[in-house]
Amino acid sequence: MARAKFERNKPHVNIGTIGHVDHGKTTLTAAITMSLAAQGKAKARNYADIDAAPEEKARGITINTAHVEYETEGRHYAHVDCPGHADYVKNMITGAAQMDGAILVVSAADGPMPQTREHILLAKQVGVPNIVIFLNKQDMVDDEELLELVELEVRELLSDYDFDGDNIPIVAGSALQAVEALTANPGIGKGENEWVDKILSLMDEVDGYIPQPERDVDKPFLMAVEDVFSITGRGTVATGRIERGKIKVGETVELVGIKDTRNSTVTGVEMFQKILDEGMAGDNVGLLLRGMQKDDIQRGMVLAKSGSITPHKKFESEVYVLKKEEGGRHTPFFPNYRPQFYIRTTDVTGAIESFTADDGSVAEMVMPGDRIKMTVQLINPVAIEQGMRFAIREGGRTIGAGVVSKIVE
């Protein structure tokens with residue numbers, strides 16, 4: 001059977017549902033697909049479909065994630081929902097499912113709970129830029145004042161973590177009521193059912209409040225070097241996948257990381273032995289570099305637009321440490337532990353200087369299965385930036401995954 005062509009006629013945005021266990025994330029995901037399916041903009045997915053999320057691996061870590069897609073009038077969305085709390089933590093830290101924005105689901109009957117707070121903190125740390133709120137289970141709250149109180153609490157909580165708590169859109173409704181109405185009558189249109197309308201107005205807010213992400217091709221050029229060859233009579237070629245931006249012959253790039261930063265001019269761009277006018281984000285290319293010897297370049301360096309990225313040795317990060325069952329360590333580790341940090345394309349040794357818990361207290365040690373904030377000092381400077389993902393490895397196996405939350409030096 002021929003594969004259906006992906007129609008790129010609308011801008012694409014990645015979002016996900018986050019929030020405390022049993023507040024209704026998966027039911028809301030089902031309600032969104034069902035209410036948009038009634039308008040022919042999605043394939044209806046029920047709770048059981050989404051809840052039976054397949055396992056996938058990201059940076060050596062197994063995560064259960066459900067991916068659904070749907071469209072609104074102006075956009076195409078890929079939506080990720082995770083069955084378990086640990087899956088969210090792993091997902092957000094590894095960046096397995098990048099989110100341009102999130103829908104935070106809070107049960108109006110219970111108000112914000114510990115995981116509500118933890119997911120907001122994670123969203124902040126890993127760089128989910130925008131959040132829209134759905135106050136679920138509105139049908140279980142008779143008292144209008146109680147609803148307002150929960151809304152106030154949620155806004156304060158978001159402001160605590162530097163989100164724009166005062167202006168974030170909040171929509172109240174009941175995902176379950178919408179799902180039940182749509183199960184009984186899958187063709188419900190706008191204005192025919194109050195609960196379905198609330199889901200549609202949530203999606204209007206998502207459309208309006210979550211900005212269109214800047215596409216990778218529009219960002220400054222960056223490619224992490226995977227391999228280096230010298231071609232007799234032509235010069236030195238660095239290969240890798242272009243992470244962002246575009247590159248063409250005659251442009252100047254900087255070689256950043258491990259050694260001192262140097263400039264070079266690109267004299268050729270090739271992909272699969274064919275000459276390209278221009279390499280773009282996502283392409284695997286070989287770049288021919290003027291005036292470079294094979295020994296000047298090594299795996300783990302990056303080629304980037306001049307001045308767009310700088311090498312650093314010290315950073316703060318948010319890390320998930322694998323459990324023994326996930327192939328991680330069997331024992332805890334302590335400050336000054338020196339594993340390898342796999343950053344883009346290479347391992348760099350680094351010392352973990354200190355650990356901090358969510359409440360700011362200093363932790364003495366880290367157990368497998370923990371999520372922790374850690375300060376890392378690398379032995380060589382490499383090109384790193386805020387929001388970048390990395391893996392922590394020991395003897396070739398992954399023992400943790402992290403994201404850079406702040407550059408120190």
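Residue 1 is the first one shown; counting continues down the chain.
Cβ coordinates come from backbone N, Cα and C, glycine included.
Annotation comment: Swiss-Prot describes 10-214 as domain 'tr-type G'. Per-residue pLDDT, averaged along the domain 'tr-type G' (10-214), amounts to 92 for this model.
Listed in sequence order, SER107 are the same-chain residues at least 6 apart in sequence whose CB falls under 8 Å from the CB of ASP22 (GTP binding site). Residues annotated as GTP binding site in Swiss-Prot: 19-26, 81-85, 136-139.
Swiss-Prot lists 19-26 with the feature region 'G1'. Residues 47, 50-51, 66, 81, 83-85, 104-107, 110, 112-116, 119, 136-137, 175-176 of the same chain, all 6+ positions outside the region 'G1' (19-26), place their C-beta atoms under 8 angstroms from a C-beta of that stretch.
Annotated Mg(2+) binding site per Swiss-Prot: THR26, in sequence order. Taking a C-beta cut-off of under 8 Å and a sequence gap of six or more, THR26 (Mg(2+) binding site) has these contacts in its own chain: THR17, TYR47, ILE50, ASP51, ALA66, ASP81, PRO83.
As annotated by Swiss-Prot, region 'G2' applies to 60-64, with the evidence given as similarity to another entry. Note: the region 'G2' (60-64) comprises 0 helix, 4 strand, 1 coil (DSSP; helix = H, G, I, strand = E, B).
The annotation region 'G3' is assigned in Swiss-Prot to 81-84.
The residues of the region 'G4' (136-139), classed with DSSP into helix (H, G, I), strand (E, B) and coil, number 2 helix, 1 strand, 1 coil. Taken from Swiss-Prot, the feature region 'G4' applies to 136-139.
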Just jot down the residues in the same chain as GLN138 (GTP binding site), at least 6 apart in sequence, with C-beta under 8 A of its C-beta; none if empty.
ALA108, LEU147, ALA172, GLY173, SER174, LYS198
Of these binding-site residues, LYS25, HIS85, which scores lowest on Cβ atoms within 10 Å?
HIS85
Counting Cβ neighbours within 10 Å across all chains shown, tell me which of the binding-site residues GLY19, CYS82 comes out on top.
GLY19
